[in-house]
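As given in TrEMBL:
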- 29-50: transmembrane segment (TRANSMEM)
- 62-85: transmembrane segment (TRANSMEM)
- 97-129: transmembrane segment (TRANSMEM)
- 149-168: transmembrane segment (TRANSMEM)
- 175-199: transmembrane segment (TRANSMEM)
- 254-280: transmembrane segment (TRANSMEM)
- 292-313: transmembrane segment (TRANSMEM)
- 319-348: transmembrane segment (TRANSMEM)
- 369-387: transmembrane segment (TRANSMEM)
- 393-413: transmembrane segment (TRANSMEM)
- 425-446: transmembrane segment (TRANSMEM)
- 452-473: transmembrane segment (TRANSMEM)
Amino acid sequence: MERSQERNGGEGVAGREPGGEGLRLRREIGLWSAVSLMAGCMIGSGVFMSPQGVLVYMGSPGASLMVWAGCGLLAMMGALCYAELSALVPKSGGEYAYILQIFGSLPAFLVIYTFVLLVRPAAIAAVSLSFAEYAVTPFYPGCSSMPQAVLKGVAASCILLLTLVNCWSSRLATMLVNVCAVAKVFSLLVIVVGGAVVLGQGRGHTETFLLAFHNTTQQAGRIGMAFYQGMWSFDGWNNVNYVVEELKNPKQNLVWAVMIAIPLVTSLYLLVNISYLLVLSPNEILSSDAMAVSWGLLLEFLPLTLCCPRNQVLGAWAWLVPLAVVLSTFGSANGMFFGGSRVCYVAAREGHMPQLLSMVHVHRLTPSPALMFTTAVALVLVIPGSFSTIVNFLSFLGWITYGTTIGCLLYLRIKKKNLPRPYKVPTIIPVIMLLASLYLVLAPIIDHPQIEFLYIFLFLLSGIPVYFLFVYFHCQPRCLQMATLYLQLLLEVAPTTKNVD
């Protein structure tokens, strides 16, 4: 691909084709940016909020640590399967691109319909609300609940700021991903070191590990729910697949990014959870009013638990902990924006979303219409929502999509065995992932059936008439065409072409 001269100091994700007749995505993401994007999206609010949930469902510290290791293994297997699919279907868009290529238009539309209108904006809204909660808490000491107007205002400001960054420059957005990823890894290392200090001083709850598997649950449904809690902390393992057209040397760097990022995050999560268990006993973790005990709250409990002076582990540096949560959630939301807007952009390019969303800014060379659309939906979801209500059912839709995508890989293994594969995983890995997907979709329904699952299923089915009306029969009112033209001129955007290796 011939590259044009970069504008605006070399910023952007697109370049002009020879002759200037179109725009195409520019490959700006190197290996370490891909590692930062993957790790940065995974390390969000989950590691500060999910440990209690995993322990609640598993019943014992040892079993909960096994679930965390199992979640890491599951994320690793899923990412390796996606890497093979990416080599076979070298397009941005992740699950949507693979399902479109292999199973056809309608299943792909249902995926993008739920992803664009619910899954990704809801995840951004949830993480932004979590960011707002931890950012506002220091200004309301001693308050059990924060003013909702303040929380939602801060969350909306976070979303708008990230929109501005991503619309201004994709290179600036990737730099923010890199900086936040480094800061988050450092903050988790602080927590690990804090636990090691407690252990080294002989003040940790070492008795927790002597009876590590006492009271472990045997119920399959509860084990599935524990994995739901843990996998929320690994959400983002597939984010690099959404931007594969912007990845340098994708057939090699994608696999390397997976091999580096996921073991790194899994190791950190295990060490952080061990640190939690050293500082607090399981009963103290379970009796916490919060969904999980963040390290900041652990520092509050530490004097009562270990009979030591307040904040003795970090002392004057205790402020690093709430800052770590804020950085984690902010960086995670930025990664979701960066990857999610590309899925919306690719779907529009394929005709499954309004044409305007497939365009990029002619000067900034960023997919600004797709970013603005994602922002608008996320802001709408912030207004009535809370963190717990928004994220409660995202895993259900997510694992339906993951299972369908893994089915694409198995279909190609059976029907198109002779396709050239620069990278191939053992067949047992996608089989395990498919069975795990079925289990994680059915487990919450069997264990604790709720009417909300029916609502989600009906929302998914509502995409069928929308598909036939607007995609299959190409029903496009003239007013929509005129609006697209006027918005194209107003936003200074132009159509793009695909990047092909």
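All residue numbers here begin at 1 and follow the chain in the order shown.
Cβ from N, Cα, C; glycine included.
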- [ ] May I ask for the residues of the chain that lie six or more residues beyond the transmembrane segment (97-129) and have a Cβ under 8 Å from a Cβ within it?
- [x] 44-45, 82, 85, 89, 91, 151-152, 155-156, 158-159, 235, 329, 332-333, 336-337, 340, 343-344, 346-347, 350, 352-353, 373-374, 377-382, 385-387, 390-391, 394, 397-398, 401, 404-405, 407-408, 411-412, 459-460, 463-464, 466-467, 471-472
Open item on the list: Is the transmembrane segment (175-199) in contact with the transmembrane segment (254-280), using at least 3 Cβ pairs under 8 Å (sequence separation of 6 or more) as the test?
Closed with: yes
TODO: Spell out yes or no: are there three or more C-beta pairs under 8 angstroms between the transmembrane segment (369-387) and the transmembrane segment (425-446), with each pair 6 or more apart in sequence?
DONE: no
Open item on the list: Counting Cβ pairs closer than 8 Å, which of 319-348, 425-446, 452-473 has the most of them with the transmembrane segment (175-199)?
Closed with: 319-348
- [ ] Examine the transmembrane segment (393-413) against the transmembrane segment (319-348) and state whether at least 3 Cβ pairs sit under 8 A, considering only residue pairs 6 or more apart.
- [x] no
- [ ] Check the transmembrane segment (29-50) against each of 149-168, 319-348, 425-446 and return whichever range has the most CB pairs under 8 Å.
- [x] 319-348
TODO: Using a Cβ cut-off of under 8 Å, list the residues of the same chain at least 6 residues beyond the transmembrane segment (425-446) that approach it.
DONE: 74, 77-78, 80-81, 83-84, 220-221, 223-225, 227-228, 231, 395-396, 399-400, 402-403, 406-407, 409-410, 413, 453
